[in-house]
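Take a look at the structure set out below.
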Amino acid sequence: MFRGKSLLCLLDFQTHEIEKMLEVSFLMKSYVYYNKVPNSLSGKRVALLFEKPSTRTRVSTELAVSLLGGIPIVLNKQDLQWSRGELIEDTGRVLGRVVNGIGARVLNHLTLVKLKESSGVPVFNLLSDLSHPLQALADLMTIRERFGNNLVKIAFVGDGSDNVLLSLMAIVAKLGLELHVATPKELKPRDDLYKIISEIAEDTGSVIEFHEDPYEAVRGVHVVYTDVWVSMGQENIAEQKKRMLQNYRVTADLMKYAVKDAIFMHCLPANRGEEVDPEVIDGSKSAVWDQAENRLYTTMAVFSLFI
């Protein structure tokens, strides 16, 4: 079903394929807990490329390859010759000769496309300016750990053009869930991608709505999610975005409008006092640390299925 394919965006996959990735993610978690991890990548080499700094993604991907019996080869920005002018396609061609898979955290999504087309091996999106599919899988895994397979309602509060939000929208649409996005009218997803997601949502019965009022978006939801207001590479518009989003902080008062057993989620890193108050992210409703841990298991699942 997956062997030899790449994972650049969840929109490229059918609902049953996403469900399979989640199913194997839960299996991987149990394998790790009981020290029975299969050697799915025995003898396999996986290149992990990082144009952007990384903590959770670096740890989860390198550890995933190692636990599955593979050999991780980590290259940071200063190690990549394309930062000195080499064609991305040339890097892809060379890596494709010596590794069995490539994971890449990149500034531009087109870099992933070029690696996929030139390398001939599975390529995995470890975060781009467009999306973060492994994060979305970990998000849904975390939600299901708390609420089972029930049709939960989710609210995202913050930047409506956020790459993490786009992957969340994609998986919500594919699985027929309900998502309410609280964001200023100036910050919306790309029209072309929102059109695709809306068409999928119509087919699956998913509900995705945008609100300017965060209290309206959060009312009655099971999950309240946020991300940083200023992503890496947006430093030149940082103050502008902070002004636009100053009324979109997740506070304890805002959480009261969700259901009683609602959880708070954040993909990290977090800026306490900016997009979320400390009492929320460090409080009893926070599922952030489970969410971060689950990044390992979804990565293990995807690598074992695709490589």
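Quick reminder: no glycine exception, Cβ is built from N, Cα and C everywhere.
Keep in mind that this is a model prediction, so the values were computed, not measured.
What Swiss-Prot records for this protein:
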SITE      Lys29  site 'Important for structural integrity'
BINDING   54-58, Gln81, Arg105, 132-135, 266-269, Arg295  carbamoyl phosphate binding site
SITE      Glu145  site 'Important for structural integrity'
BINDING   Asn163, Asp227, Ser231, Met232  L-ornithine binding site
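Location within the structure of each feature annotated in Swiss-Prot.
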residue: Lys29; record: site 'Important for structural integrity'; CB count, 10 Å: 19
residue: Arg58; record: carbamoyl phosphate binding site; CB count, 10 Å: 17
residue: Pro133; record: carbamoyl phosphate binding site; CB count, 10 Å: 28
residue: Gln135; record: carbamoyl phosphate binding site; CB count, 10 Å: 27
residue: Glu145; record: site 'Important for structural integrity'; CB count, 10 Å: 15
residue: Asn163; record: L-ornithine binding site; CB count, 10 Å: 21
residue: Asp227; record: L-ornithine binding site; CB count, 10 Å: 24
residue: Ser231; record: L-ornithine binding site; CB count, 10 Å: 18
residue: Cys267; record: carbamoyl phosphate binding site; CB count, 10 Å: 26
residue: Pro269; record: carbamoyl phosphate binding site; CB count, 10 Å: 10
Report task. Using DSSP reduced to three states, classify Gln135 (carbamoyl phosphate binding site) as helix, strand or coil. Result -> helix
Report summary line: Students should find that the Cα atoms of Ser231 (L-ornithine binding site) and Arg56 (carbamoyl phosphate binding site) sit apart, in Å rounded to an integer, by 16
Query raised in the report: When the Cα-Cα distance from Glu145 (site 'Important for structural integrity') is computed for each of the binding-site residues Arg56, Arg105, Pro133, Cys267, which gives the smallest value?
Result: Cys267
Query - Close in space, distant in sequence - Ser54 (carbamoyl phosphate binding site), Cβ under 8 Å, 6 or more apart - result: Arg105, Leu126, Leu127
Query raised in the report: Under 8 Å Cβ-Cβ from Arg56 (carbamoyl phosphate binding site), six or more apart in the same chain: what's there?
Result: Leu268, Ala292, Arg295
Report task. Check Pro269 (carbamoyl phosphate binding site) against DSSP and tell me helix, strand or coil, would you? Result -> coil
Report task. Take the C-alpha atoms of Pro269 (carbamoyl phosphate binding site) and Asp227 (L-ornithine binding site) and report the distance between them in angstrom, rounded. Result -> 8
Report summary line: Reduced DSSP state (H/G/I helix, E/B strand, rest coil) at Lys29 (site 'Important for structural integrity') is helix
Report summary line: Cβ neighbour count (10 Å, all chains) around Arg105 (carbamoyl phosphate binding site) is 25
Requested in this report: Going by Cα-Cα distance, pick out whichever of the binding-site residues Arg58, Pro133, Gln135, Asp227, Cys267 is nearest to Lys29 (site 'Important for structural integrity').
Outcome: Gln135
